[in-house]
Amino acid sequence: MDTLEEVTWANGSTALPPPLAPNISVPHRCLLLLYEDIGTSRVRYWDLLLLIPNVLFLIFLLWKLPSARAKIRITSSPIFITFYILVFVVALVGIARAVVSMTVSTSNAATVADKILWEITRFFLLAIELSVIILGLAFGHLESKSSIKRVLAITTVLSLAYSVTQGTLEILYPDAHLSAEDFNIYGHGGRQFWLVSSCFFFLVYSLVVILPKTPLKERISLPSRRSFYVYAGILALLNLLQGLGSVLLCFDIIEGLCCVDATTFLYFSFFAPLIYVAFLRGFFGSEPKILFSYKCQVDETEEPDVHLPQPYAVARREGLEAAGAAGASAASYSSTQFDSAGGVAYLDDIASMPCHTGSINSTDSERWKAINA
């Protein structure tokens, strides 16, 4: 009680300006979790909690690396290579941030370095978030290297702008509610920024979840895989809980810190595994699947001018075994690039064009005519 009276006296004094938000005299248990050390060591419980899941996931990635490399080498899919590398990078950055936080002291320079590592980790996580949404809704049917580069360029710029803004607010205007002892804890840009960003991402992911139930599904091609919408629903719920915790903190209710602690732990520890389970597990399994599959709309025409090459089984029934064997490799449409004898060719995904048209390589045009005759 004496300590509380001293704080009240200090805030009411005309000699010292009052802080923007009063610090907590007796730290809440959810605040203690963020900075309390394990015994006499300099290792914090919070850093250890974030380190263990990232280390376990990195071990899993290394264990699956030989089979994953073999599968990627066979398919040569740029989108899977991109996601696999980004998931690896997120795990490594998360481990590096936790290790550095365990080794630095509580000086101001060390605190700034720790916050910069937090922002770097957030930058990579947000880049993957935006990449999944953009590839899924806008460019899912385009899986060439050029489209991947364009998407990554867009997400890099957006993620960098977000991280720089958040980092500037965090370093120059630290949240007084997250100051403990003689240093400031990483506060994600403050309560207000946390609230605004959480509400924004909640609305985005909620819109993605309800898109298949809206009239827009008749106008645009939407992913048909259920895992895509489960992924969006999980992130929408996570941002909703984070926003509620931020609202409580804005009203000086310290219990809101427990809510944001839980969402922060789940996001920085299990977001990369969520990406792997939702989008990469099927690809690296026994039967690879397309990352974003689309339902094809059949358009009826009276006199089609161009015919798709017939399946291999039909060609065999017509007695053209030699031509059918050569045409099977050319007729297997994929949304990824593949190697041919004359070089590298790219085929558009079936969802990106009407189902009654197709592109036939000039070298095989006569062969398709023989099959379709």
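Glycine residues also receive a Cβ, built from the backbone N, Cα and C atoms like all the rest.
Sequence annotations record features per position, and here Swiss-Prot assigns N-linked glycosylation site to Asn11, Asn23, Asn361. What Swiss-Prot lists as transmembrane segment is 48-68, 76-96, 123-143, 151-171, 192-212, 234-254, 265-285, and the listing cites sequence analysis.
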Positions on the same chain near the transmembrane segment (151-171), where near means CB under 8 A and six or more residues out:
82, 112, 115-116, 118-120, 122-124, 126-127, 130-131, 134-135, 139, 186-190, 193, 197
Which residues of the same chain, at least 6 past either end of the transmembrane segment (48-68), have a Cβ under 8 Å from a Cβ in it?
38, 84, 87-88, 91-92, 94-95, 97-99, 102, 265, 268-270, 272-273, 276, 284
